[in-house]
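Presented below is the structure to which this report refers.
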There are 4 protein chains.
Amino acid sequence: MAGNSFGKLFKITTFGESHGVAIGVIIDGCPAGLTIDLDFIQSELDKRRPGQSKITTQRKESDTVQILSGTFEGKSTGTPISLLIPNEDQRSKDYGHNVDVYRPSHADYTYDAKYGIRDHRGGGRSSARETAARVASGAIAKLLLKEFEIEIFAHVTSVGAIVAPNLDSNDVLSLLEKREENIVRCADPATANQMIDFIDSVRKDGDTVGGKVGCIIKNCPVGLGEPVFDKLHADLGKAMLSINAVHGFEYGSGFAGSEMRGSEHNDIFLAGDQPKTLTNFSGGIQGGIANGMDINFVVAFKPVATIMHNQQTINSAGEAAEIKGKGRHDPCVVPRAVIIVEAMVALVLADHLLRNKVVRI
Amino acid sequence: MAGNSFGKLFKITTFGESHGVAIGVIIDGCPAGLTIDLDFIQSELDKRRPGQSKITTQRKESDTVQILSGTFEGKSTGTPISLLIPNEDQRSKDYGHNVDVYRPSHADYTYDAKYGIRDHRGGGRSSARETAARVASGAIAKLLLKEFEIEIFAHVTSVGAIVAPNLDSNDVLSLLEKREENIVRCADPATANQMIDFIDSVRKDGDTVGGKVGCIIKNCPVGLGEPVFDKLHADLGKAMLSINAVHGFEYGSGFAGSEMRGSEHNDIFLAGDQPKTLTNFSGGIQGGIANGMDINFVVAFKPVATIMHNQQTINSAGEAAEIKGKGRHDPCVVPRAVIIVEAMVALVLADHLLRNKVVRI
Amino acid sequence: MAGNSFGKLFKITTFGESHGVAIGVIIDGCPAGLTIDLDFIQSELDKRRPGQSKITTQRKESDTVQILSGTFEGKSTGTPISLLIPNEDQRSKDYGHNVDVYRPSHADYTYDAKYGIRDHRGGGRSSARETAARVASGAIAKLLLKEFEIEIFAHVTSVGAIVAPNLDSNDVLSLLEKREENIVRCADPATANQMIDFIDSVRKDGDTVGGKVGCIIKNCPVGLGEPVFDKLHADLGKAMLSINAVHGFEYGSGFAGSEMRGSEHNDIFLAGDQPKTLTNFSGGIQGGIANGMDINFVVAFKPVATIMHNQQTINSAGEAAEIKGKGRHDPCVVPRAVIIVEAMVALVLADHLLRNKVVRI
Amino acid sequence: MAGNSFGKLFKITTFGESHGVAIGVIIDGCPAGLTIDLDFIQSELDKRRPGQSKITTQRKESDTVQILSGTFEGKSTGTPISLLIPNEDQRSKDYGHNVDVYRPSHADYTYDAKYGIRDHRGGGRSSARETAARVASGAIAKLLLKEFEIEIFAHVTSVGAIVAPNLDSNDVLSLLEKREENIVRCADPATANQMIDFIDSVRKDGDTVGGKVGCIIKNCPVGLGEPVFDKLHADLGKAMLSINAVHGFEYGSGFAGSEMRGSEHNDIFLAGDQPKTLTNFSGGIQGGIANGMDINFVVAFKPVATIMHNQQTINSAGEAAEIKGKGRHDPCVVPRAVIIVEAMVALVLADHLLRNKVVRI
């Protein structure tokens, strides 16, 4: 109820604070018999890891994951899989000056107001460090999806006002490779260079900037998604909005669809063995249920709140105070967020895959 | 698990098909002692009712609600409240020609693919008629929120490319009255007239059009929302995306926030008895938890899929077929969707109000 | 959270008070494609119905069930199945004298203390009338179990100190027929006559008496049950203890097993195509998971609290008061409880059947 | 859904296998502001620890618990509390001979049948070692209950046929001290000696024996428990039946109540400030809701399945095989089970305490 779990049948529960002993996650409901490739899990974490390039936070964390339970001789056993990531570089001193001062557009004030107590070191539980647990468990979800040949491809589509050209969805695998060839994870190399330069200049200003991440899901089985409240796009939307700094979500025609007429928006079915549609304004989902076309959506991230400027604020007594930017933070979250988006998508799909196993006698 | 429930502590489960005997909802978890004003529930349903104006579907339903359980002498008793709305105007014949043909951008194909069986009459369970159950239970949630003086104010902000001017959030109550003075439920009378004319012309074309609904929540208690997966805006986003035809959701700075810098986006705290912020790009929510400022968000609706044109499609055997638009449908959903948006917001807030009661010893 | 739901994948939510408009139940999660035999559902309700014999309450209720949703042309569609049973014989006047007086060993005082408000007519929500909703939904669960040839056989094993001889588990079907040949639902005709005479004499005394119900489940698939908290016998136990008046549950060797040694209690496996055990002290469940042997358990019911004697008690002000037995009540619940036990077993098994579909990739 | 969680608002999820790296538990929903006394948690684990006396298993585990998250400066913060207990004495070799042979009355066969894969070392997840995680989290639940002065007192009431005299419920605290003065945890010193001698002789026979644990809850607030499916005794019963080796549960009058008449069983209310009852056959719970009287129940444990005798059995191919008792096991579980019973009771009550906070506006 306290909201640290996600999923119903493939269910994760994350725990841990930014500057505590460790963070981690339990997966309850991973089917038995799945080969658990620890190297793959680690490689996913490495893509999210801080300090991976000049445009990410310089906090040093190896983010080495351990499996504590739920596997035997390399396979899942159907019992809870527990993954632990010890915290290493906990420079809590960086936060000593903030004990009593509320950082603007952070969760300091709201946590205090809600709980009356708060682990102030590095944002505690509100830190995006929690997403490492999502990426670790999402990697196991991806291993499950691979058995069904489902592929998830997230990539940076904009940084500030720099927007990547639409990508050719027919060539996702080669684009995916291109994405990993640049540190901003944009599928278009030329735009990637612009984005990197821009983020670097923002960083030198002591400032931050927002951006967008697009995502395409290929080979999603027809029928995933529940028709009323747990529509596939509703669960994807919630998953995205639960990621730190996300302020918007749209799928298929999205916000632009609100300006269209039905006669242009309707996706005409084409005859054939498996129904396809001529257009895909539905974004691969109709009535909340996957129709076999590519699923696509976009996620908007606000700029990181921690900047290296002096800012006016208040303290916990409600008095005026000044805050100086310290700590090590990302000038733009989207390069690392790409991996978090994919992990959350994998968790949503793994859950709906299992849920779909029980809809017919 | 089949996803017909929403909420955890203030939990609703809806049932019923468009052309079945009745639709309805059970509320499990409504606190005892709440005065249940049946007239208010009915008045909310009346605002969602079909046939209320020339720009909505002409299906005739009185949508008269009955309370079957859970109240005693006008008050909630803490036991499940069951609300029933019999279906009246079930012209199922209108749908006889569609038994075997998949309507474009409807859920006909995906339901068949998922379940292998489908009540094809009027969309069955995928019909927006299900939202009457949401509005009825949302009305009871609103009664609970009134005890805390929480107010929800949704209104149409765009129809197609016609966009209403930003409203003055300092004057919400008078705007709310203005909204009900026109049939499109736009808070700006001049824009409302344009919208109505436009919808009417679209209707005469046998076509449909999308639009957007904005929403402001006033007096939301500080502390509502859970910090990780069940962030207040994530639950609001899921609630909105679960409404038929919704393709996008943004809150606070939204998609525009992705182009901003941290130094402009950060909301500076102002000293005082209860913290306020100078700007509100956070949309009233920080770290997933309400901070006491107005909560605001926007929802994008695609155009209704049922049009009065002939369309190419396929039948359940995968063969080419033609479909002729019939039935009675809305040319634009947003005038009625305003009420559904408010109902879902009320359900989210009622749930989080209760959840917030258990976070401290 | 308010606890009116049971099951996780095959999930029911019941509603309704004893003397309200109606009682009912929603089943969310019934797989699509199941033939819904309304006559069978009604026949199960008829076995639970009040007024069926001289040894049950004389309240007259036809308990006619209606299906409001979730089926199409006689089959389940995968959407919520809603079942309604209108109340007919609501002699609320019988309860007028009890408005303010707490009946001994009823739930009057605890409901008032918990909620501060209470529908006092006939026990309101605490009335065993709620179990009609369980029987109706349990009948649909039974229809699902029939597809797997699972059989549930409950029967009265004792009334007061009158104990039926152990039955031969090899001949369950013919015993089942015998059970329905007598009004007390005991599988042994001679004991049945003793029980009936005894209940009748107790009734003439204006008194009530307890009893026990035994249950055997045949053909339960190996593997049902989850190993830790949701052990099959733990879920069966909770199901039984949730039935009004139940004070005890034991399975397999039960309480007697606490006096045995491991060397006599261990069930030795026998070689063969499907493992069987020489004895069955495990009651068909090992480590919380069905092993394919017959599952057997016993449920103890206390005597009904409503007696036709004058009793000392208190009123809602805490003052001494006297209560006179009125109303129409069962002198012994076990003859009707047999059907409720079976329904709850069916609901547990249907749920675990579905849950077991997702444990392997 | 896989059933490794218990509780709804005060919710635990346990993980870990008997001979894996560690076992542990996450508590999601512990209210903020609770003083977390690590020494107390450890002292509870010490009472459950193997090797504590000559009548328990000689496996050596210090069961040292670590807190990984959820506390700050000694207090709970409202975020997930994660507790880890590393495994130390993992003599997996003891189990090498059992890889392929199903131990009678263990979960080897059913796990294999359910999952197709099994960590066979020491029972893996089916080992009672999992209950250490329950005791650790139950200790935190006890800390919460202490704030409400709720006391739980479990004790051994029988070992085989040796039955302790009924204890005087007016003198629970002094009895509790006496319980800890003997290694079998019986509140009656003379009976305790008989039990210890008997267990010791059974152990020398290479055999095991069952027993019973009684439990009294004092100062349970009136109103705890939900009235329909989540009756307080139903949740207690499920909690007990989820403990390894439990075969029976009864509360209040229990099985004996099935032989009583209503006129003797009814608990007459006594006038006064807070209602009390003359007798307590209801066991402190009426209509599923605590009435303020002492709650009492009894739990029956079967004998441990691992004996030091040669036994006939089968292997995973279904062929006849012989098994030799090895490993280190308890000759009787009840002395250690007392602590597990208390932990599960504490978890049930903590959950219902929180649930009860939301039943009134």
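Glycine is no exception: its Cβ is also placed from the backbone N, Cα and C atoms.
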Quiz item: According to TrEMBL, B:R125, B:S126, B:S127, B:N244, B:A245, B:G287, B:K302, B:P303, B:V304, B:A305, B:T306 bind FMN; which one of B:R261, B:R328 is listed for that same site?
Solution: B:R328
Quiz item: For B:K302 (FMN binding site), what residues in its own chain, 6 or more apart in sequence, show a Cβ-Cβ distance under 8 Å?
Solution: B:G210, B:A245, B:V246, B:H247
Quiz prompt | B:A245 (FMN binding site): secondary structure state under DSSP, collapsed to three categories | solution = coil
Quiz item: How far apart, in angstrom, are the most distant Cα atoms among the FMN-binding residues B:R125, B:S126, B:S127, B:N244, B:A245, B:G287, B:K302, B:P303, B:V304, B:A305, B:T306, B:R328?
Solution: 44
Quiz item: B:R48 (NADP(+) binding site): which of the binding-site residues B:R125, B:S127, B:V304, B:T306 have a C-alpha within 10 angstroms of it?
Solution: none
Practice problem: Would you mind reading off the Cα separation of B:V304 (FMN binding site) from B:K54 (NADP(+) binding site), to the nearest angstrom? | Solution: 16
Quiz prompt | Near chain A - the binding-site residues B:R48, B:K54, B:R125, B:S127, B:K302, B:V304, filtered by Cβ distance under 8 Å | solution = B:R125, B:K302, B:V304
Quiz item: Taking CB atoms only, which of the binding-site residues B:R48, B:R125, B:S127, B:K302 fall under 8 A from chain C?
Solution: B:R125
Quiz item: List, in sequence order, the same-chain residues at least six positions removed whose CB sits under 8 Å from that of B:K54 (NADP(+) binding site)?
Solution: B:I183, B:D200
Quiz item: Between B:A245, B:V304, which of the binding-site residues has the fewest other CB atoms within 10 angstroms in the structure shown?
Solution: B:A245
Quiz item: Out of these binding-site residues, B:R48, B:R125, which one has the fewest other C-beta atoms within 10 Å of its own C-beta?
Solution: B:R48
Quiz item: Which of these binding-site residues has the least crowded Cβ, counting other Cβ atoms within 10 Å: B:S127, B:T306?
Solution: B:S127
